[in-house]
Amino acid sequence: MSKILIRGARVLGGEAQDVLIDGETIAGVGTDLPAGDATVVEAEGRILLPGLVDLHTHLREPGREDSETVLTGTRAAASGGFTAVFAMANTFPVADTAGVVEQVYRLGQEHGYCDVQPIGAVTVGLEGRKLAELGAMHESAAGVTVFSDDGKCVDDAVIMRRALEYVKAFGGVVAQHAQEPRLTEGAQMNEGVVSAELGLGGWPAVAEESIIARDVLLAEHVGSRVHICHLSTAGSVEIVRWAKSRGIDVTAEVTPHHLLLTDELVRSYNPVYKVNPPLRTERDVMALREALADGTIDIVATDHAPHPHEDKDCEWAAAAMGMVGLETALSVVQHTMVDTGLLDWAGVADRMSFAPARIGRATGHGRPVSAGEPANLTLVDPAYRGAVDPAGFASRSRNTPYEGRELPGRVTHTFLRGRATLMDGKLA
Amino acid sequence: MMRHLISAADLTRDDAVLILDTAEEMARVADRPIKKLPTLRGRTVVNLFFEDSTRTRISFEAAEKRLSADVINFSAKGSSVSKGESLKDTAQTLEAMGVDAVVIRHGASGAPYRLATSGWIDAVVINAGDGTHQHPTQALLDAFTMRRRLVGRDAGLGQDLAGKRITIVGDVLHSRVARSNVDLLHTLGAEVTLVAPPTLVPVGVGNWPCEVSYDLDSTLPKSDAVMMLRVQRERMNAAFFPTEREYSRRYGLDGDRMAKMPEHAVVMHPGPMVRGMEITAEVADSGRCTVVEQVANGVSIRMAVLYLLLGGNESAVAHTRTEEK
């Protein structure tokens, strides 16, 4: 088995240490470890993190291989420092049966860039009417534990209640895309000052907040845990904070773009800024950063949503919603949370690896950087500064809102069970 | 002047007054036996209409023809657009045929802005109404009508609408006419009040440079012009108001209400009117209602806009006088 010595990296942002990888495992962490026959990675000034885990990725396969495949998506993940991604269920066909989730899982294993943990649909066809065979998906080779109709809200209160209850039998969790459908008919952007001026249909904050309020109360009532996808408003933060103070078992995620971008950008009518939930206001952005720092929001998840060029090169109303995010996530988090002093690197390790792995029950991921643990690791150069160039993306799609924007930090190495999937910034 | 006309908010006071003054020059052409200027001879203008709008399209077409432009009418219905062609491809196809200006009407807010700023085409873009966003030539023709009626045809030249009190009544939420008018009237120094049921006022209206009232009767005596917006009957199905009759009672303009307006005040409507809904026949057919004038003025305003965006540096007046010799 091959050995790799990462020399002089600041583990979780702490003191410089050497980390020796032997085969699939971390063999030792210390100072002045002998290199022996190991390949040496000089990592002075770099930050070593546990491999990042994304609880919210759209890999698009099966069905929309023109925008992303499991191969291109996991290469993008490895480029961004991820060693595990949770693939959302809104594919064609929908991942609502054991067959589909096993296919996606196996593709991930075959390609080997990143572990792919499929998410199962809560309801058949994401239609919100009939529970999918959640138990069968859990018992399949894919071992599904996270269920979501993401892209659509499980808006029927009875279906949501039953799903929350049912998955308790095998430790599952329902990840809710909180969007009251009637309040968001024809919605194109955040409802507020900017939508009033631009004449674009409003997506009011209350459409998210009312569902979150209902779902935390349902989770309390039936004694289940619930996860909130891409929380985007200051009001949602208040509800989750209140729920946690009551002891309700709720976890929540925020996307990198909601930590940085606001609805002012929509004034360009450039659909690269069209996303669901929509970009909100500066006040929301600040509340989300604060909530991620104090732990009210548990994790960062990318909601990586690839779309082909033609679906964005058009008028706003005709454009698809979503942004790619895997390859810029860590840079945006460094920019918005670390460089602002809100979160240290140990905090980043928690929000982007430990906590998402725990919520999704991703075995072998989100583990401490210490001897005997699986060697899932990400090495970051925090001093790097550079403009985002989508032409260099490993993703098949280029719909990033950051093109040309200077962002800090760069993932130089990613190790998946001891094997470099990214080496000196290049995919293996 | 700017290169395109996308939003009334982009116009400075001086731009707007120049357009209004130029439109007065253009209006004189309409009074002549031969209503034609050679200004845009050899230039091609396409009317690219993705939404049905016979009146606006005909108004632009009349303006273009009076300026001697070559006119192409493109209606999205029955075209390749209905077969899935993108806005970008449609626009590039037209430009490849040598179009100098695109007059676009589109159901999606921001479509003209995209057309003008995405590097798809080089032609001048004139917004003829986009979604619930803007309809700048409508706002200009409304301002033109107000200036003529409230300041005077000759006295108004070079003037704005400083101090005039304008009330806009109806479905503000879904109205590009209301948005354009608020922007332009504010730029021209007028004081604007929007009147509507709260359901038909957008969230975020607080940042608009105008007042908002839910009570029509108290606003009428303080109005120099009252602009009634069309209210589509379908809106009541989405619970914006309970019934057509209740809407009419609370927000419709009838003879009794019109009597509460100052004597000099005018009633305006961008058309098409829904008689019996937002306006009664008595008001619509009265001498205080400017709806027919607005249509005539629309041609003059569109001539002025086309001339200023496409005509180059020579003044329209010079052309007019050359013709007269």
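Any Cβ shown, glycine's included, is placed from N, Cα and C.
Predicted automatically and left uncurated, TrEMBL annotations should be read as such.
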- request: Given that TrEMBL annotates B:R55, B:T56, B:H135, B:Q138, B:G271, B:P272 as binding carbamoyl phosphate, state which candidate in B:R105, B:R165, B:R233, B:R235 belongs to that site as well.
  value: B:R105
Field: Other residues, Cβ within 8 Å of B:R55, B:T56, B:R105, B:H135, B:Q138, B:G271, B:P272 Cβ centroid (carbamoyl phosphate site)
entry: B:S53, B:S59, B:A128, B:G129, B:V177, B:P270
Query: What span in Å does the carbamoyl phosphate site cover, taken as the longest CA to CA distance among B:R55, B:T56, B:R105, B:H135, B:Q138, B:G271, B:P272?
result: 16
Between B:R176 (L-aspartate binding site) and B:R55 (carbamoyl phosphate binding site), the C-alpha gap once rounded to whole angstrom: 16
Field: Of B:R55, B:R105, B:H135, B:R230 (the binding-site residues), the residue whose Cβ has the fewest other Cβ atoms within 10 Å
entry: B:R55
- prompt: In angstrom units, rounded to an integer, how far apart are the Cα atoms of B:T56 (carbamoyl phosphate binding site) and B:R230 (L-aspartate binding site)?
  reply: 15
Field: Reported mean pLDDT - the domain 'Aspartate/ornithine carbamoyltransferase Asp/Orn-binding' (B:163-309)
entry: 96
Query: How many helix, strand and coil residues does the domain 'Aspartate/ornithine carbamoyltransferase Asp/Orn-binding' (B:163-309) contain under DSSP?
result: 66 helix, 24 strand, 57 coil
- prompt: What residue among the binding-site residues B:G271, B:P272 has the most other CB atoms lying within 10 A of its CB?
  reply: B:G271
Statement: Rounding to whole Å, the Cα atoms of B:R105 (carbamoyl phosphate binding site) and B:R230 (L-aspartate binding site) are apart by 18
Message: Give me the count of other Cβ atoms within 10 A of the Cβ belonging to B:T56 (carbamoyl phosphate binding site).
response: 23
